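Q: Got a structure for you, questions after.
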Amino acid sequence: MLVVQMPFSFPMAHFILFVFTVSTIFHVQQRLAKIQAMWELPVQIPVLASTSKALGPSQLRGMWTINAIGRLGNQMGEYATLYALAKMNGRPAFIPAQMHSTLAPIFRITLPVLHSATASRIPWQNYHLNDWMEEEYRHIPGEYVRFTGYPCSWTFYHHLRQEILQEFTLHDHVREEAQKFLRGLQVNGSQPGTFVGVHVRRGDYVHVMPKVWKGVVADRRYLQQALDWFRARYSSPIFVVTSNGMAWCRENIDTSHGDVVFAGDGIEGSPAKDFALLTQCNHTIMTIGTFGIWAAYLTGGDTIYLANYTLPDSPFLKIFKPEAAFLPEWTGIAADLSPLLKH
């Protein structure tokens with residue numbers, strides 16, 4: 001084939017150079033636009049989830065958490081309050097790693113865990129909570145909120161009772177160990193008809209209540225009244241006593257009926273055994289403290305609690321409302337305040 005070569009004209013060279021330049025500028029602009037868009041994307045917060053349940057970021061914006069303060073009862077209250085308020089306000093809830101370490105070995109909790117390294121990079125808005133529900137808590141502003149305080153009131157979460165009970169379901173091995181112990185108990189050689197968990201809070205409260213809060217802890221008389229209340233209403237009850245002051249309990253709880261068992265180990269650093277025993281009973285006798293409150297809440301049944309255990313001018317009543325701590329259907333037995341009046 002004959003190929004005729006035409007001379008390359010100067011105007012054609014200009015045209016091709018123009019097309020190449022325009023194309024290059026266009027692609028550079030497109031690339032810069034993509035890079036800028038990537039810079040403007042929000043930082044993705046890595047979390048370690050303790051469950052397979054995903055909180056879709058397209059559905060819930062921001063991140064709410066709560067300070068992990070206190071021992072088991074306090075942290076259960078903090079967890080339940082965070083769970084309820086986050087749901088109420090349409091925000092995703094994440095728990096601190098410390099709280100996960102306290103609760104996860106005992107319960108089947110589902111809230112995802114926030115790494116401490118990630119938490120330290122977030123511009124948190126601290127939000128203090130009273131120990132009772134307030135109307136303003138239904139409309140809390142802010143996407144990155146960290147609750148503070150010691151909330152442990154049914155007024156926050158009782159409308160979600162079944163969900164809270166599900167969150168605080170015992171792991172199988174924890175529950176089975178407690179049930180195995182209870183199955184082996186007898187009352188005067190017979191199988192008990194009713195199991196009543198008894199939690200006696202002693203420890204630091206013995207000194208803190210009278211010296212700081214103008215209050216008292218449960219005494220021998222209160223416990224006798226509480227046990228007799230159940231003896232009058234149930235056939236062959238057995239009382240399963242747990243305490244962080246078991247020596248005091250052995251000296252002050254009447255065992256002449258043959259229906260009292262001193263159980264648990266009273267070790268505050270590893271409370272799973274005591275707590276599981278209490279919740280596997282049918283009813284509860286508590287004294288003071290969030291440990292007993294939660295045991296009663298999870299157990300259901302009848303609950304006897306120590307009522308009016310501070311003087312009317314106690315500073316404790318500024319941060320604690322009995323009506324927000326004890327369910328209305330629970331039965332209170334008034335404390336003996338005479339030791340405080342002697343001083």
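Quick reminder: no glycine exception, Cβ is built from N, Cα and C everywhere.
Just so it is clear, the model here is predicted, and its values are computed rather than measured.
According to Swiss-Prot, the protein carries these features:
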type	residues	note
CARBOHYD	N188	N-linked glycosylation site
CARBOHYD	N282	N-linked glycosylation site
CARBOHYD	N308	N-linked glycosylation site
TOPO_DOM	1-14	topological domain 'Cytoplasmic'
TOPO_DOM	29-343	topological domain 'Lumenal'
TRANSMEM	15-28	transmembrane segment
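What does the local environment look like for each feature on the list?
A: Annotation for N188 (N-linked glycosylation site): spatial neighbours G258, D259, criterion Cβ-Cβ under 8 Å with sequence separation of six or more.
Secondary structure at N282 (N-linked glycosylation site), as computed by DSSP, is coil.
Residues within less than 8 Å, Cβ to Cβ, of N308 (N-linked glycosylation site) and separated from it by at least 6 positions along the same chain comprise P322, G332, A334, A335, L337.
For the topological domain 'Cytoplasmic' (1-14), the model gives a mean pLDDT of 43.
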Q: Might you list, by sequence position, any residue in that chain lying six or more from N282 (N-linked glycosylation site) with a Cβ less than 8 Å away from its Cβ?
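A: Long-range Cβ contacts: T194, F195, V196, T299, G301.
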